[in-house]
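Chemist: Got a structure for you, written out below as structure tokens; questions coming shortly.
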Amino acid sequence: MTTQTPRIAFIKARWHADVVDRAYDGFTAKAATLIPGATVDAYDVPGAFEMPLLAKKLAQSGKYDAVVAAALVVDGGIYRHDFVAAAVVNGLMTAGLETGVPCFSVSLTPHNYQETELLTQFYRDHFVTKGEEAAEAVRQMLALDARMAAESRAAVA
């Protein structure tokens, strides 16, 4: 899509929403300065596993210049969280490669997560930072897309 006013989809997993939502906060705050005028549309999904499919659908819609997906995947003792995390990251990469729309992951899977107030606050703060970093990555990729489009137009002219 690559327009003057980019449109970005931000997918948020609802498991650990109090932590994950901080990535959105960090992203939108940083994007306001790095990508002026950008529209950021938020989408909630039940968990991390559902993010790649929605990312692909949003990328295929033609409405978005980039898709960001955020989740906190923890070891709950019932399933292999590392399998879920790998599937999510691979799925997001595949969505981007198949659609040509960059898809970014703010999906973290800590080795030892315990729901203590101290550790939860650490991850809340960390997710703000990761959201800010994602905004910078989106800015860089949008700039590269714009450069490539301009070079392509110049080559044709």
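Just so it is clear, glycine is given a Cβ too, placed from its N, Cα and C backbone atoms.
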Chemist: Looking at the 5-amino-6-(D-ribitylamino)uracil binding annotation from TrEMBL, with Trp15, Ala48, Phe49, Glu50, Leu72, Val73, Val74 already listed, which candidate in Ser61, Ser105 is the matching residue?
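Modeler: TrEMBL names Ser105 for this 5-amino-6-(D-ribitylamino)uracil site.
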Chemist: State the Cα to Cα distance, in Å, between Val74 (5-amino-6-(D-ribitylamino)uracil binding site) and Arg80 (active site, proton donor), rounded to an integer.
Modeler: 9
Chemist: What is the separation, in Å, between the Cα atoms of Arg80 (active site, proton donor) and Phe49 (5-amino-6-(D-ribitylamino)uracil binding site)?
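Modeler: Rounded to the nearest whole number, the Cα-Cα distance is 12 Å.
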